[in-house]
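First comes the structure, then the notes that go with it.
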Amino acid sequence: MAVVAQSSYIFGLRKGVTNNLCFLDDQTVVFPAGNNCVRYNIDQKWQKFIPGTEKSQGMQALALSPNRRYLAVAESGGECPTVTVYDLTHEQGRKRKVLTAGDLPVGEFLCMAFSPDSKYLIGQSGGPKWTLVLWLWEKQKVMATVSSSDGDPVSQVSFSPQDNAQVCVSGLGLLRLFQYGEGTLRRVHAAKVGAALLCHAWLSGTQVVAGTDTGRLLMFESGYLRRELDAGVGPRHAESKRPDGTEAERRVGAVVPYAKGFVCSVGPGTVCVYQITEENDGYRKTREILIPLDPCCNEPSQAQQQEVATMCLSPSEETLALSTQQGQLYSINLVSAEISRGEQAYFEFLSSSFHSRPITGLSICIRKQLVATCSLDRSVRVWNYDTNVLEVYKEFQEEALSVALHPSGHFLLVGFTDKLRMMNLLIDDIRAVKEFTCVFSHGGHLFAAINGNVIHIYSVTTFDNVLTLKGHNGKVKAVVWSTDDGRLVSCGTDGAVYEWNTLSGKRESESVLKSCVYTGVAISPDARTIFAAGTGLKEIQDCQVLREVPADGVTYTALAVSRSGKVIFTGTSSGTIRVFKYPLSQQKDWIEYQAHCGPVTKVLVTFDDQLLLTASGDGSLLVWKIVDKEGRGLRDKEVYYTEEVLITKTDLEEKNQNMHELKSRVEELKMEKEYQLRLSDISYDVKIKELSETFIREIESLKTQNQVMKREGEQQAIAHQEVLVEIREKHSKELQTSESSNSQKLLLEYAKLLGAAEQSGALALEELTLSYQAKLHDKTQQLEQCQAEAKQQRREYGEDRRQIEEDRDQEISSLDLSYEKRLFKEKETNLTLKGQAGMMRKQVDERCLDIEQLKKEATRLQGAIHSLEKETQGLKRTISEGVETIRVKVGVEPVCLNSGNPLETVACLSVLPLGTHCRL
């Protein structure tokens with residue numbers, strides 16, 4: 001199919017989803033709307049969608065991982081409930097895993113939580129078994145299951161922030177801790193309380209705070225109740241009542257921890273901030289934040305009676321956001337709230353105010369990018385689908401059932417149960433002009449209103465009832481004008497589709513199928529073809545049904561045709577949107593999109609064929625972009641919109657008067673501030689002069705003190721110098737005395753060492769003359785004796801040597817030792833070399849004699865060899881001659897003659913008898 005629809009923007013929040021608001025980062029939140037999870041950037045105002053699964057009956061709970069990368073979505077529907085984990089690092093939220101409870105009989109998952117490391121996911125199912133399921137979600141593996149309650153409802157489940165294996169469950173009169181280990185979830189503690197615990201939060205690895213339905217805060221330590229706090233608020237809350245007049249309960253419905261303590265909701269419209277104190281790890285309330293009044297409501301204080309459903313903090317803990325049970329989103333900057341501590345802090349809308357009940361009417365205009373909606377919440381809202389903002393809204397005393405926006409965008413028709421009102425759409429208000437006892441024509445000069453089975457056509461200029469069209473036997477469900485306003489097509493529950501002439505009031509064509517209940521009707525741009533929706537989609541021409549496309553198990557609840565006539569959009573009772581290509585096919589040839597979690601009530605296509613608008617019974621308004629497969633819009637022609645707005649003369653004069661008064665007030669404030677600034681300047685000049693004089697006096701005093709201290713320092717330096725000279729002279733004298741005494745001792749010791757060295761040398765010479773063994777023995781004894789004497793001498797004179805300067809002592813000692821060793825080694829080496837030299841001379845002489853004898857023997861042998869070689873050559877010649885003689889005489893050649901050995905040849909010849917032939 002050539003045309004596709006892309007989700008662009010949605011106005012609304014899905015209620016009844018546990019934990020339906022989470023911060024993805026400091027600028028982006030995630031919340032459910034329709035049958036989608038929406039990522040909304042607070043600063044840049046863009047939205048990105050994660051569609052729900054097909055044939056899902058709706059989302060039940062959300063959970064965001066601590067690393068803010070994964071989002072778990074619990075959905076009911078089909079054979080068993082599922083939990084889908086999405087990877088939010090991808091722009092469209094790539095689906096990672098789909099988890100189920102296996103064979104366990106689980107109907108739905110009420111709440112979920114990720115472990116601190118984001119690897120495990122815990123899910124709490126509903127009654128009657130209240131099963132707790134633990135997954136290792138990346139492997140889609142159920143690790144353990146256990147019944148968390150004996151039948152009492154469970155409200156929340158969470159992991160300890162410091163332990164992947166510890167889980168906390170709270171509910172009606174209970175708070176239980178479970179520990180995972182060895183493949184099972186084991187209950188380690190259970191605390192019984194006398195109230196229903198609606199929520200809880202971990203403040204540390206062991207401390208949990210829980211909120212009750214009676215306005216109490218219970219502090220648990222390791223599962224034991226340690227203290228209670230009364231979460232009472234100011235007098236405004238004490239007097240608060242619900243819209244029905246009953247007293248509002250002080251319920252602590254949500255609690256979220258932060259670095260300094262925790263934040264909790266207390267009753268309707270109030271949030272309290274608690275900070276930790278140094279007294280026994282207690283907490284005290286430091287701030288109250290309120291939901292503001294809504295001036296557009298009939299009762300402005302009604303907005304403050306909203307119960308808080310979910311709260312969350314941004315990662316930097318600068319922004320607090322909350323969702324209410326009426327489907328609204330609020331936020332506040334905690335930093336600015338801290339700065340303005342003396343003033344009452346109020347929340348602001350996170351994006352805009354939403355419908356809280358089903359949308360019953362939807363209408364657009366030609367000249368402005370506006371869409372009007374009405375709802376059973378008794379409000380009419382006008383949105384700008386280009387800037388995605390709420391332009392204006394107003395609440396009425398009764399429910400609005402239908403709405404029509406004039407083509408100029410300046411007027412509204414709103415249908416109620418007993419009347420029809422025409423209203424002016426002003427710059428900041430919706431004001432009634434006339435009431436009738438509801439769609440505009442394309443030209444805007446007529447509008448049609450439905451009253452049961454009768455259609456009334458009124459003139460916009462005169463407000464007269466121009467025509468009354470009768471013919472339906474059942475309630476008329478929808479009417480649509482042709483492009484030229486010459487025809488009006490209606491459909492009803494009686495199975496009839498009528499085409500009326502708006503000039504004469506006559507019925508020009510009809511198609512009646514009593515077995516069909518129509519819910520929507522549309523007409524092609526050329527006004528030749530009518531499309532009717534109900535249990536199927538029918539194409540009608542000339543009173544005949546040409547084609548019918550079955551609804552495949554659902555009911556078509558709304559219908560729209562593009563201005564080009566090439567595409568048909570339908571809404572279904574299951575909340576999906578189907579896109580058909582025209583001409584229709586008998587086959588099931590459509591594209592289906594997940595859109596809302598309730599039946600689609602209205603479907604419209606903007607006049608430039610760029611956007612599709614769908615409204616639903618879940619109270620959400622979804623804006624779609626209509627593009628082809630290449631991402632281009634269906635219509636290239638640019639449409640120009642007007643920017644004018646209506647304002648009454650009285651309002652304009654009042655605004656001008658207010659502006660004039662405010663300008664005068666600004667001028668007065670400027671003069672007053674300038675006068676105050678001049679007074680402040682004079683006062684500050686006087687103070688500066690006084691401070692300057694004081695500082696100058698102090699500087700002069702400090703200069704005097706500095707000079708005195710400088711003189712004292714110079715005197716002390718001179719005194720220290722004199723003392724230093726005396727000490728140096730004293731030390732010099734002591735050093736000279738020590739050097740002279742040490743020199744005399746050193747000479748005496750050196751003389752002794754020389755004498756001992758000469759004596760040891762003489763003994764060594766005498767012992768060397770005796771034998772080598774005696775010499776070695778004596779040398780060993782002398783060495784040991786010298787080492788002993790050296791040690792004894794070092795011990796005796798070590799104390800004296802330490803008194804001499806370290807460098808000189810080490811130098812003298814090293815010289816003494818080196819000279820001793822060199823003297824000893826030289827003498828020893830001299831003696832050794834003398835003996836070796838004598839022996840070597842003797843050996844050299846002997847070797848010389850041997851060499852001479854060997855040379856003579858070699859000469860003699862060479863002569864003998866030479867003579868033998870000559871003799872051998874002569875024998876070879878003799879043998880050769882003998883062989884030749886035998887060959888000639890005998891005529892054969894013996895084998896032995898071929899031998900290379902002359903002796904073998906001679907031997908062979910000697911053994912041959914005369915006349916014997918040799919073997920060849």
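Yeah, the Cβs are placed from backbone N, Cα and C, and that goes for glycine too.
Curation does not apply to TrEMBL; its annotations are automatic.
Per TrEMBL, repeat 'WD' is recorded for 352-387 (among others). Beyond the ends of the repeat 'WD' (352-387), by six or more residues, the same chain brings 9, 11-13, 15, 294, 296, 298, 326-329, 393-409, 412, 414-415, 425, 430, 438-440, 442, 598, 601-604, 606-607, 611, 613, 615-621, 623, 641-642 to within a C-beta distance below 8 angstroms of the stretch.
The feature domain 'EML-like second beta-propeller' is assigned by TrEMBL to 360-626. Computed over the domain 'EML-like second beta-propeller' (360-626), the whole-number mean pLDDT of the model equals 90.
What TrEMBL records for 469-510 (among others) is repeat 'WD'. Within the chain, the repeat 'WD' (469-510) has long-range Cβ neighbours (under 8 A, six or more residues past its boundaries) at 439-443, 445-446, 448, 450, 452-457, 516-523, 525, 527, 530, 532, 540, 542-543, 559.
Same-chain residues lying 6 or more positions outside the repeat 'WD' (593-626) and placing a CB less than 8 Å from one of its CB atoms are 3, 5-15, 33-36, 51-54, 56, 58-59, 327, 354-364, 366, 369, 371, 373, 375, 377, 383, 385, 388, 520, 557-564, 567, 569-579, 633-635, 637, 639. Feature annotation from TrEMBL assigns repeat 'WD' to 593-626 (among others).
According to TrEMBL, the feature coiled coil maps to 649-712 (among others).
Summarising the annotation, TrEMBL assigns coiled coil to 776-807 (among others). Proximity of distant same-chain residues to the coiled coil (776-807), defined by a Cβ-Cβ separation under 8 Å and at least 6 residues beyond the stretch ends, is recorded for 738-739, 742, 745, 749, 756, 760, 763-764, 767, 813.
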Helix, strand and coil residues within the repeat 'WD' (593-626) as assigned by DSSP: 0 helix, 20 strand, 14 coil
